[in-house]
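What TrEMBL says about this protein:
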- 111, 116, 191, 196: Zn(2+) binding site (BINDING)
- 1-31: compositional bias 'Polar residues' (COMPBIAS)
- 1-48: region 'Disordered' (REGION)
């Protein structure tokens, strides 16, 4: 089902599933969300090149198979009968944001300006931020993620974007807004997998985190909120989680 093509459907709302939003564990700040990833310009050291050739832990057995939910995620993401598609997407966006924010809150002490000077998501990929002057700038990962989480939180708390009352309707721009939200949350997932999966393993949380991300990917694919170029990246700057997506697809967890 194409969520973006469903904008002509009835947008009458029947329920109020969202609870109060949880604050980001990082300080409040806001700016324009980033648009495009860019490759780092600094040359890689020999140690960086050697590290990039090693197989990431999240692709290694048994971690890649670790999950709370077994089987295909298709049935989980299907639109329930009598539920408005706008409401379904809104409540899932809220849940993905809340759960991802909780995971980041647990590992935030490891995501510092010193350890994560860039928003890395692969051996040769750093995301850049579009500032208020619409210029692309490099940010340390904790600042980048703070901006993303604060931006999404503000959207969720905005009744004109995520209405919570039965007499309110979703704006026509809602599909494009949540698609952009999805892109930003994907980047946070990508950074955690790339830079902080050892901490996830140390906490023995890989089944929970893997299931959350697989659910996120399946939902995004079902409602066309994800661009595969964002998941895979380019040949010169691949996104680390692109290989994880392909692995789960081979295992039957995700559909192509």
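Note that Cβ sites are derived from N, Cα and C of the backbone, with glycine treated the same way.
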Surrounding CB atoms that lie within 10 Å of the CB of residue 196 (Zn(2+) binding site), all protein chains: 22
DSSP-derived class (H/G/I helix, E/B strand, else coil) of residue 191 (Zn(2+) binding site): helix
Residues flanking the Zn(2+) site, with Cβ no more than 8 Å from the Cβ centroid of 111, 116, 191, 196 and excluding those residues themselves: 107, 110, 115, 120, 141, 142, 145, 192, 194, 195
Per DSSP, three-state class assigned to residue 196 (Zn(2+) binding site): helix
DSSP-derived structure type at residue 111 (Zn(2+) binding site), helix or strand or else coil: coil
C-beta crowding around residue 191 (Zn(2+) binding site), within 10 angstroms: 27
